[in-house]
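> Can you read through this structure? Questions will come right after.
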Amino acid sequence: MRHLWLLLLSVSLVQTQAATTDSDKVDLSIARGHRPVDRRKEEPPSLRPAPPPISGGGYRARPAKVDAGQKKVERKPPDAGGCVHGDGDMGVLCPTGCELRQTLLNHERPIKNSIAELNSNINSVSETSSVTFQYLTLLKDMWKKKQAQVKDNENVINEYSSILEDQKLYIDETVNDNIPLNLRVLRSILEDLRSKIQKLESDISAQTEYCHTPCTVNCNIPVVSGKECEEIIRKGGETSEMYLIQPDTSSKPYRVYCDMKTENGGWTVIQNRQDGSVDFGRKWDPYKKGFGNIATNEDTKKYCGLPGEYWLGNDKISQLTRIGPTELLIEMEDWKGDKVKAHYGGFTVQTEANKYQVSVNKYKGTAGNALMEGASQLVGENRTMTIHNGMFFSTYDRDNDGWVTTDPRKQCSKEDGGGWWYNRCHAANPNGRYYWGGLYSWDMSKHGTDDGVVWMNWKGSWYSMRRMSMKIRPVFPQQ
């Protein structure tokens, strides 16, 4: 029983790992994706608080020095030695003897006191004289310093006076001479700047007016022209380059690139993608009138022999396809250089009143019948939603696709990067976003969808072509 439980647990773990692995893979057959939530984001690091300055006790104040006062020791003079006479009478009878001593002793003490007082007065006068002398010496020193300061101040005043006089002279010369000259120079510079600003404004105005029309290039255009490129090749125009065509004599001629080499030539290029230099995520009016660069010239040639990235314009495409039976050739190339094509024997685009509805038939080729049959990776209803035949043209500001929803944000053109005959949404997306390198993923797209230059029936949803072009030509019997 224990072995049975271990076996069941192992099988469950293996199934869980397999399910996790399968969910991490990108299913290339899914035409649309969703923007996942990125759960790998890290929390922003928080700043560490700075440690506070070190605080607390420090050194104590130094103790004040104690003056070693010298105590005065009273020195009492020793008493005079006694005068002792062997005979007391002798002392009386002899005044210069012991009695004189007694008299002197009687007067000695007051005299000593007077002398001490005089000494004290002399010391006091001496100290006062010393202090007075020191004070006079200090006053003398201070007077000398003041005299020196006065002299220094006089020197500084004289120096400042000289500097001020020089500065006044410089200011006078500057005001009287240089400033008028500088003002004249500044006026001249101002006039020059005003002239340049006016020229820039004029150039900007001219450039703005120029940019209202589709981009053009300066190339020598062949003299030969016609209703379309097929008529031009029949008139002798055999070089693939930019020509003027005029499908209707009541309208002005316009420039197109004619492919005179592919499958006997005579093809009018209505769309071309090759380097991502032109943004195809545009509104209804640019797609109606056309946009991009028709052709460019090679370095060694004076004519425009290289096609640019452009959309010819829905009005022009509709006019060309309604002249008569028209065939469509779609060529594409991957980033390895491999090429395939889709050829439709019938191709018609209705007028703007009918929302430029598209019709195709008679497919043959190697790319897969994406326009008529939808994405080959899908089945049933999902595949039906990717069929383009019969659809109206849609742009992100004119929603005519087959995606019926109450959410105005859900529309194919907005999510898939360009204007096209979207259903819900596409098997082919020639006007999508240009991705360098081919392979891309939902997290690289703007809305999490397969919005590249896609032809699902050849490379699936998550591979954007390096080159893709659409060319039309009147149907005629081939010899």
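Every residue gets a Cβ built from N, Cα and C, even glycine.
Below are the features I grabbed from Swiss-Prot:
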| type | residues | note |
| --- | --- | --- |
| COMPBIAS | 35-45 | compositional bias 'Basic and acidic residues' |
| COMPBIAS | 64-78 | compositional bias 'Basic and acidic residues' |
| DISULFID | Cys219-Cys304 | disulfide bond |
| DISULFID | Cys229-Cys258 | disulfide bond |
| DISULFID | Cys412-Cys425 | disulfide bond |
| DOMAIN | 220-476 | domain 'Fibrinogen C-terminal' |
| CARBOHYD | Asn382 | N-linked glycosylation site |
| REGION | 20-82 | region 'Disordered' |
| SIGNAL | 1-18 | signal peptide |
> What's the most sparsely packed of the disulfide-bonded residues Cys229, Cys304, Cys412, counting other C-beta atoms within 10 A?
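Among the disulfide-bonded residues Cys229, Cys304, Cys412, the sparsest Cβ neighbourhood within 10 Å belongs to Cys304.
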> Cα-Cα separation of Cys229 (disulfide bond) and Asn382 (N-linked glycosylation site), in Å?
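A Cα-Cα distance of 39 Å.
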> Any idea what the model's mean pLDDT is for the domain 'Fibrinogen C-terminal' (220-476)?
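The average pLDDT of the model in the domain 'Fibrinogen C-terminal' (220-476) works out to 93.
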> Hey, of the disulfide-bonded residues listed (Cys219, Cys258, Cys425), which one tops the CB count within 10 A?
Cys258
> Note down the number of other Cβ atoms within 10 Å of the Cβ of Asn382 (N-linked glycosylation site), including every protein chain shown.
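So the Cβ neighbour count for Asn382 (N-linked glycosylation site) comes to 16.
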> Taking only the recorded positions Cys219, Cys304, Asn382, Cys412, Cys425, which one has a CA atom nearest to the CA atom of Cys258 (disulfide bond)?
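When the Cα distances are compared, Cys304 comes out closest.
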> Rounded to a whole number, how many Å is the Cα of the residue listed as 'N-linked glycosylation site' away from the Cα of Cys304 (disulfide bond)?
44
> How many whole Å apart are the CA atoms of Cys304 (disulfide bond) and Cys425 (disulfide bond)?
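Per the Cα atoms, Cys304 (disulfide bond) and Cys425 (disulfide bond) stand 36 Å apart.
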> Measuring Cα to Cα, tell me the gap between Cys425 (disulfide bond) and Cys219 (disulfide bond) in whole angstrom.
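Between the Cα atoms of Cys425 (disulfide bond) and Cys219 (disulfide bond), the distance comes to 39 Å.
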> How many Å separate the Cα atoms of Cys412 (disulfide bond) and Cys219 (disulfide bond)?
38
